[in-house]
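**Student:** In case it helps, TrEMBL gives these features for our protein:
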DOMAIN    106-238  domain 'Galactosyltransferase N-terminal'
DOMAIN    242-318  domain 'Galactosyltransferase C-terminal'
DOMAIN    331-447  domain 'Galactosyltransferase N-terminal'
DOMAIN    472-510  domain 'Galactosyltransferase C-terminal'
DOMAIN    551-668  domain 'Galactosyltransferase N-terminal'
DOMAIN    672-725  domain 'Galactosyltransferase C-terminal'
TRANSMEM  16-34  transmembrane segment
Amino acid sequence: MENYEKHPGKCDRNSFVRFCVIAIVILVLLQLFYSNDIYEKTTRMVQILNFQRYQHIRNTLGTTELRNNIQNDNETERQYNFTLCNNKTCNISSIDLNTSSNLPLCPKTPPKLVGPLATYSDSPSYEELEKLYPEVSSGGRYKPPDCISRHKVAIVLPYRNRDIHLRTFLKNIHPFLERQQLDYGIYVVEQAEGSKFNRALLMNIGYAEAIKIYDYQCFAFHDVDLIPQDDRNIYNCPSQPRHLTAAIDKYGYRLPYNSIFGGAVMLTRQQFQKVNGFSNKFFGWGGEDDDMWNRVKRKGYSVIRYPMNIARYRMIKHSRDKGNEPNPQSDSPSYEELEALYPEVSSGGRYKPSDCISRHRVAIIIPYRNRDLHLRTLLKNIHPFLQRQQLDYGIYIIEQVNGGKFNRAKLLNIGYAEAIKIYDYQCFVFHDVDLIPEDDRNLYYCPSQPRHLTAAIDKFNYKSHAIAILCNVNGYSNQFFGWGKEDDDMWNRIRSKGYKHFTLKNRSKRFATDGLNSLKYKVLKLEYHKLFTRILVNVNETEIMKVCIFFNSPSYEQLEALYPEVSSGGRYKPSDCISRHKVAIIIPYRNRDLHLRTFLFNIHPFLQRQQLDYGIYVVEQAEGSKFNRALLMNIGYAEAIKIYDYQCFVFHDVDLIPEDDRNLYHCPSQPRHLTVAIDKFGYRLPYKSIFGGASMLTREQFQKVNGFSNKFFGWGGEDDDMWNR
């Protein structure tokens, strides 16, 4: 007590030292406890205990097949792999706790990609597959051994009764994904027997269960019968939902339709949650992929695809499984769904390309009664088909009221009569509601002769006629009530008018009096739906409608209204930049007014897209002497350089229409022959030294060769002479 009172500071210092020593010892022990070795031992016990809860999981040699009775678990990330017995509950036999962060990130572009692949068609046993891919961990899990993957991907396969397909798929997909340096797992979600197959529901289940097992960032929902053929088709996490299977061999490596979103698709976790996954209501084959397209679009996403030469897949051939019959609504969306599917279509089923002026104004006329399911199926298919062809089109549903035999031909005439009141259509496709085109190279363009458009079965006919031809043959007969004969009658009308060298003396009088000029009907209702115009008619009315308006190439007034950006004299400059090329188009001309208007209709948008500073010069020779094409082109050159400082010149026949705007009318380094491939010659050169049709030279080149010869009167010779010059 005395010492304490006399030396209180000394006692305090000793206590403080003892306290500091004890604190340091405690900190050292805590550090040791939470070191990696001790922490991993502790964590391992926790993980083993947690993992005991996962039962009824069958390891299918590189795949994890999930049943609906897997228990819920809120844990979202697991740093282990596991092995379970087939169809049994087993203990854990291996745990991989390699969490090393010393590895570098994998390269953004995987270095071992091959490109186009030779795919396997065989189906090894599961034992053989395990030996083939020893680097794949139990549960179908793989991580690159030499770097940290940039993408954690779950492959979700909806499955039932496709064992051979599954083994073929596994043999192909593992090396494909490994070369892409993905951190991936494969999940086969199998539906038990006893109900119709529900692909979408299984994919939702696969997603829900996969995120319990690992912290996946993105998900590939993949059919088991589709084998990728190019490993540049990378299964990484996309910025927008990605349609992987853009080019499948079954469809000729082309998209069946633009809004397809089936086969194999990829979404990030955030995207999948935002669209609320797939619908659970599609039992049987089809429909769920189109529904997902709508979900994606309504949430403001765009669907992206790899180039068609990369997104290539081989489909394993098979017959449809029992219990996977087509869903009757899959190809016939409601009208509300159709409107959401094609927002670019205006009221009345009207569409124009947004980025160019279409070359063809086409009315699709559909005779109709009591075919609602067929109509919705046709609308789903026909709109993207016509849009890819860049048509300015409208769809007209001509519905006959009940109460009499169906008169298809008369409805087609009525459709024609009503459509030309609404818009200045150039040509018409008369189309049955139950016929779906299967190849968009079947162009619904305005034909020079009546065109028969043939589907897969020859007895189902599409008919397309230019408006002038329809007037000339007096349309369809109005007298064919009930099924058939009106198409054969139209064939005879066409041939009797000389479009084919054929004469039918006994029928010519009826053709002239029964048709457009004797058409009787009454419009009961005109409705502008979003995707079509509906015209409800009574075909038994006595009022005669006078309808035969002749349209061909646009008039000059129509052309001026169509191209207001073109200045007087056929002059045009880009409005948003200075063109790199000043080009004069020289057209030698006489008595080709129809050709000239057709040419002008096509050439102006063609040249404008090429951002040329151009002028069009039609050099017309007066009557009274033989035509001299070369002399006219020389004159055109001489006059054009007086008007403007042109750098180069296109000498162009009036009857040649370019079909590809990548054929640039730019100033060439050497004289250029433009019309290399003309349809008349089967898109081949008639001979190597041809230099006719349309050719292009700079001002310097043209002066150096002294232009064309002035001595070639009549047809031919001047182009070969220019080749020699």
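Placed from the backbone N, Cα and C atoms, the Cβ positions cover glycine too.
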**Student:** List the helix, strand and coil residue totals of the domain 'Galactosyltransferase N-terminal' (551-668) as derived from DSSP.
**Tutor:** 39 helix, 24 strand, 55 coil
**Student:** For the domain 'Galactosyltransferase N-terminal' (551-668), would you mind checking the mean pLDDT of the predicted model?
**Tutor:** 89
**Student:** What are the helix, strand and coil residue counts for the domain 'Galactosyltransferase N-terminal' (331-447) according to DSSP?
**Tutor:** 39 helix, 24 strand, 54 coil
